[in-house]
Structure formats: C-alpha cells, structure tokens
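What follows is a single structure, written as structure tokens, with notes after it.
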Amino acid sequence: MADKLDIKAFLDKDEQKDLLRLLTAGSVDDGKSTLIGRLLFDSKKLYEDQLDALERDSKRLGNAGEHIDYALLLDGLKAEREQGITIDVAYRYFSTNNRKFIIADTPGHEQYTRNMITGGSTANLAIILVDARMGVITQTRRHTFLVSLLGIKHVVLAVNKMDLVDFSEERFNEIVAEYKKFVAPLGIPDVTCIPLSALDGDNVVDKSERTPWYEGLSLLDFLETVHIDSDNNFSDFRFPVQYVLRPNLDFRGFCGKVASGIIRKGDKVMALPSGKVSHVKSIVTFDGELDYAFPPQSVTLTLEDEIDVSRGEMLVHPDNLPIVDRNFEAMLVWMDEEPMDINKSFFIKQTTNVSRTRIDSIKYKVDVNTMEHSSVPFLSLNEIARVVFTTAKELFFDPYRKNKSCGSFILIDPITNNTSAVGMIIDRVEKKDMNIADDFPVLNLPELGIAPEHYEAIEKAVKSLSEQGFEVRIEK
C-alpha cells in the first residue's frame, strides 16, 4: 500500500512541474542532435536498452570516432543517419526534479525551413548552435530571424566545439559580440550565451573546469531556471468557442481553450461578432467547477443569459476587445510544394474560425539569409513574405507579437486540403490602403428593406451557407 501511495505522490508532484518547450537550430554539423543526446545521456534519462542500441549504432553508423555518437538518439530516419543530418523534426521528452521538457530538434538546411517553423511554433525557448571555429554564419542569422518571426522570447546561443579552439575566452567573446550586434534589431528580449562542448559534455549538464573564465550557468541549469510564466498573455481574455455542449435541455455550455487572459465566475463577457453581453455563470471541467481559468486550460463556460454563440465565435471582456476586421497584414511562410497562385481563394483557419480569404498583394519577400527585401509575384516552398489579406467574414485577432494564439493562422487549399501556408498577423489594414475592390457578395439588409427583427434569422441562414463554403457578407 505504501508503494502505491509513493507512486501516486510522485505522479502528483510530476504533474505540477511546469513544462518548457524548446527547439534547437543550427547549421549542418554544428552538433544539435549531439547536444540533445548528450543532455539526455548526462542527465541519466536513457534506459539500458537505449544505451546498448546507442553503443552498437555508434560503432556501425557513428561519425564521432571512438566516442559514442549521441546524435543517433535523435536522427531516426534512415536518410538522416546515412547523410548525418536532421531532416524531420525529432521530438524528445524528459524531465528533471524541477521541470519537464519537450525538445524539438529541427533541421538546419534551408530547404527544410517549413519543418523548423512547425517545430518552433509552440516553443518557449530556442537553442541556436554555432561552431566555435566558424562563428556566426549565414545559417545562424537565418535561424535567428525565424526564431524572432515565431515570437520566441528566450534564445540561448550555444557556442559548441569549444574544445577545438582550446576553450578560448577571446574567441567566445568575439562570437558573442558579433551575434548580439546582429540580434539587437530583431527585438528578442532574452539572449544568453554559453560556451560548451557537446561531445565531451562541457557546460552541458555540469559546469566545466575547462572554462574557469565563464561565470554563467551550465545549459541544463539555465533551462531549469529560465522564467517563462510571464511569456503568457494574462491580460487580454480571448475564448474562441470550439463546441456548444447541450447534453440536455437544462445545460448549455461553450467549450474551448482559454487562448489568453483570465476568466472568473461572474465576469461580464461579450460574444463576437454579435456584441451580445452576459455574465459567466460557471466554469466547468471534467474534475469539477473552477472559480477562474487561464491559458492553456480547456473549460466549458456557461452564461447567465441565453445568447446565440456557435463555433468560430469568441467570448471576450467588453472593455478589452480584439481587432475585428476583414483586412490585415501578416508574415507568411509558404509551405506547399505548389507555388502560390495569387488569384486563388483559400480557406483561412484562425483560432476556431474558418473563412474564405484572398491574397490582395505581396508587399515584399524576405531573403532569410541576407534579410533583404524584394518584390515578387508569388511565393514558392519555404519562402517568407509580408502579405495583405482580405477575408469574406470578420476575424477576431490580435497582433502575433502580443498574442500568439489569436495572431496566428493557416491557409488551406480548398481543393487538396493541404496546409498551404502559416501566417503571423502584424496588424489590420485600413480599407483606404487596400488596392483591390471587394468582390465578396454582400447582403445590405437595410437597402433590401428587411426589418431588424428578421436579422438574426438571416444571419443563421448565412452562417449555414458559410459552413458549406459559400461566403456572403451581411451589412446592417
């Protein structure tokens, strides 16, 4: 019985640890996979069978000479092991006494930019590796730009292979100075630089005696203590409705994930786009009712009043509204093998909201290697650009830098259902700045002589058409 209680106590304690999601990025052969493998090895997070397999594979496939090739722990695809590179995003989970970790080992090659965007979309922190011999190179700048694009607030510059430059403090300081000069305009608030040797384990889990001049923490100590709670947006309440729960006539609740902000019982809320107002009656979960909820909790909200709210709509505080608009600018990463057709209409999915959208213009493409801007007629795979959109119906959004959950979206090809692109919203665009006429069909209800008491019924009919792919806008 005591053993069962001990197990339960351990699981309860483990459940309460906070979670740090991090990605690694770097050029080919900078040692990303080796670093993560070393982190798992030195923190005693490998099972006996994994260690046996690692030793066998190191002799047969390894690229580390007589050393164990820790990269083989993460390079799982046959093509990766044969080429000695990372292609897919490899995820690894481990935990320490203080924190749980999910590591995304992302590919360094430019042709796999979309894989890195996918791996970094949920990350709190990025580890960017550089080879101490090579210093800051083109790929370092590219990966740092992508990290800033994704809104990742914490970056560790891991200067690897310090053993090959005799753990030179002067060389380390040169690299740090060059990197900080580049990163300053990108607006990343927290940059930490650590000298290490992934192969030998210096400054990975424990402080190294070979860098007496380095006064900072080892990599694992830093990862365990970096403060990430303030990265969440707890001020702007946004609750995209995912599902309306109606198990019986006596209960009607709105299910979803709290995207940002805090909601409490009794709070006044507004439903968008209708603008109708009510108060929160209860916050329901599987484990019982809560007095308040915050991101990323999934809850069911019940309201004091019977107001019409459905999937794709949003509950917010009336005194703190998101931007409600059909026109906006965004940074777009093209992820489809097929090049962009600027005349094509797409589905846009933002939070739980889905609408038809068109691309009005490409302001400029960003060269991820040089940061130069250029004018282009379309985008190809892995290219990034600043793009202007118009949607068929209004979206409820915040700029991505302010609110990741409500400032991000995907474009879906209506024919193939492929995810064509991912986007990060910059801000709304005023209609006077739009250079293309609005060609979505419009129902102007006052002009048609329709009485206001019939508006709600017409809105429901139009919503039903929208779910079938027919977009019609209503003006009241």
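A Cβ is built for glycine as well, from the same backbone N, Cα and C atoms used for every other residue.
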Matching 160-163, 228-231, 272-275, 452-455 to Swiss-Prot annotations, region 'G4' lands on 160-163
Can you identify, from 26-33, 202-209, the stretch that Swiss-Prot calls region 'G1'? 26-33
Which is it, of 105-108, 317-320, 401-404, that Swiss-Prot names as region 'G3'? 105-108
Region 'G2' range according to Swiss-Prot, out of 84-88, 129-133, 434-438: 84-88
Residues in the region 'G4' (160-163) per DSSP class, helix first, strand next, coil last, are 2 helix, 1 strand, 1 coil
CB neighbours within 10 A of K32 (GTP binding site), counting all protein chains shown, number 31
Model confidence over the domain 'tr-type G' (17-232), averaged pLDDT: 80
